[in-house]
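Taking it in order: structure first as C-alpha cells, then the write-up.
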Amino acid sequence: MAPRRSSRAPSTKPPSKPASKAAVENAAPKSKVNGTSTKRAASPERQDAPPAKRSRSAAPKSENEPPAAKPPSRKPRSKTAATKAAAEPAPKKARKLSPVREKEEAPVNVQLKPYFNPLPTPPEKKRPGLLPFAWGTGNFGQFGMGPDVLDELPKPKRNMWAEAEMEKNTFGEDKGGMESVASGGLHTIFIDENGKVWTCGVNDDAALGRITQNVPDPNNPGSFLSVDDLTAIPHPLQSLIDENFRAVKAVAGDSICAAISDKGELRVWGSFRANEGSLGFSTGLLHQYTPVPVLELSHKPGDIEKVASIAAGSNHLLVLTTHGHIYSWGAGEQAQLGRKVLERRKMHGTVPEKVTLGSRSRKAVAIGAGAFHSFAVDDKGDVWAWGLNSMGQTGTGYTSSEDSVVQLPQKVKNLSKEELGEDVVVSIQGGTHHTLFLLKSGKVYAVGRSNSGQLGLPDDHPAFKDRVDDDFVSEPVLVPFPDPDDPVVQVSCGPHNNAAVTKSGALYTWGQGVQGELGLGDVEEAKTPQVVVRKDGGAWFAAAVSCGGQHTIGLFRKKN
C-alpha cells in the first residue's frame, strides 16, 4: 500500500491537522466554495460531474445479459408461397437452413469463450464473520471506530462499532462481517459480505467516494450531520448500491481508489497527486467525488473483455483484464506507468493505456504495485517490474545511479519459474522503497530498502554482504519466518512496514513503525517477522491484513 504524502520522510510523523470536510457526493447540497481549490467543500459544478459520467457509460451495465429473442425470419407469407416453396427443391433447402443459422449467431452480450484470467469471485462465507481490528495512528478517522477513537493504538484493538453492526446483520445474514479491507494513505475501504463498499477517514481529495459535508440531517430539518461522524464511522457508497454493484475487491492509494465487481466492472474515484501537488482525476477534473467507470474495454460478439484484478500505488492504478492485458494510469513521473510521460503533458498519464511486457503477445496473470513502482507476472511465470528503483525496489538489479528508474518493464531477478523450482509468484505488494513477493507455496521474497528492517532479514544474512549500497538489497531474497511449516497466504506493505497472514491464522509484522503500525506495543522497529496473532492458542484467527500510510487494519475471526 502506498504512503500518504509523507513518503520522503519515512521516520517523521505527519503533522496533525483537522479531519477532512470535503463534499464529495452527487447528493450533496450546492456549496459556494470554488471546486478547483484544495478547500474541503465542493462546487455545484463538481457535484454534477459524476452523474454525467455514469450516464455516458451506462450502456455496458447489462452487457452480460442475453438480448431479447428475435422473431424467426424468412417465414412464408401465405399458403401459396408455402406450396410453391415445397415444390421447388432450392427454396426448400434454404428454408430449412434458416433456423440453423439463427441459432449459431452468438449473442453480442454473452461471453462464450473461456476467459484467460477468471472474473473475480467473492470468498466463501465462514462463521463467525470477520471483525475489523485496528492499530497504528487513527487521528483522521481511518480506524473506522468513531470520533472517540482517534488516537494511537500500539496493539490491535477490536472495532466495537463494527461488532455492534454485525449483531444487527448489517454486513450480512447470520451476523456476517467484512470480506476484505484496503488501507489507503489516511483512509480505509471495507467490503462487507453483501458486497457493499464502506469508507472512512480523510476526504480532502475525495478518497471516500461520498459526501461528508453539508449532509442534511433527515431527523432535524435545517440541520446537518456531523462531519466527524461521517468520516470516522464507515458509511456505504450508496451510488454503488443503487447500480447493484457487488464489489469483490478494492484498492486504495493516497487518495485514489478503485473497486471491481463480480461481473468484472471497474469503478474509480478520488484524485491523483504529482510531486509538486495535485494532479487531478482526469483532464479538466480535479476530484472525482463518486465512483465512475473509467476503462472502456473491447467488446466482440461472444467475447467481452472485463477487469480481473486491480492494484494501486501511491498515485497510480494498474488493471489486469480477463484477456491478460495490463492498463496503467495516474502519476507517471517515476515511470511507474510503464511508458514515458512528458512533464509538460503529465495529465496524459491520467488516461489508461496498455502496458507491454516485452512483446504484445505476452499475457499477464497477476499485477502488483508499490508506492512508485509496478509489477506483473506473465503466463510463463516470469516477473516484470518498472518504475522507481532508487533503492533496488523493483528487483531488476542496481549497479549505478543509471538504474534508479526502470522506464519500461524488465524481468525481475531470481523469481522466474525455473529459478524457483516450478514455484511461481502469485501476489506482489510494495512499500515506498521495498517490495514483497508471495509465492504459491507460501514462501515470501523481499527486495529493496533494508535500513529499518523492511526486508525481514537478520543482521547476519548473506544478502547484506558485498552490496552496492549499505541501505538496500537489489535482488530478491527469501524471508525467514519462525514457522516454515505454516505457509503465508497474504502479505501487505506500508511505507516501511509489512504484515503477513498464514494459513493457520497467525499474523506477523516487521519493519519500521514509529506510530504503532507494527502492533507490537512500544516496539518501533522489528528486523525479522514478529508474532502479533498466534497460530496456537489465543482467541482470534487472523484472516486478512492491510497496511496503510500510518495505520493497519486486520480482519480477525473469533475462535470457538
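Each Cβ is built from the backbone N, Cα and C atoms, and glycine gets one as well.
Database features, via TrEMBL:
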- 1-11: compositional bias 'Low complexity' (COMPBIAS)
- 49-61: compositional bias 'Low complexity' (COMPBIAS)
- 79-89: compositional bias 'Low complexity' (COMPBIAS)
- 133-553: domain 'RCC1-like' (DOMAIN)
- 1-106: region 'Disordered' (REGION)
- 130-194: repeat 'RCC1' (REPEAT)
- 264-323: repeat 'RCC1' (REPEAT)
- 324-380: repeat 'RCC1' (REPEAT)
- 381-441: repeat 'RCC1' (REPEAT)
- 442-504: repeat 'RCC1' (REPEAT)
- 505-558: repeat 'RCC1' (REPEAT)
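Contact count against the repeat 'RCC1' (130-194) (Cβ pairs under 8 Å) is highest for 505-558, out of 264-323, 324-380, 381-441, 442-504, 505-558. Note on the repeat 'RCC1' (324-380): its mean pLDDT in the predicted model is 91. Here the repeat 'RCC1' (264-323) is broken down by DSSP into helix, strand and coil counts: 0 helix, 35 strand, 25 coil. Note: the repeat 'RCC1' (324-380) comprises 8 helix, 20 strand, 29 coil (DSSP; helix = H, G, I, strand = E, B).
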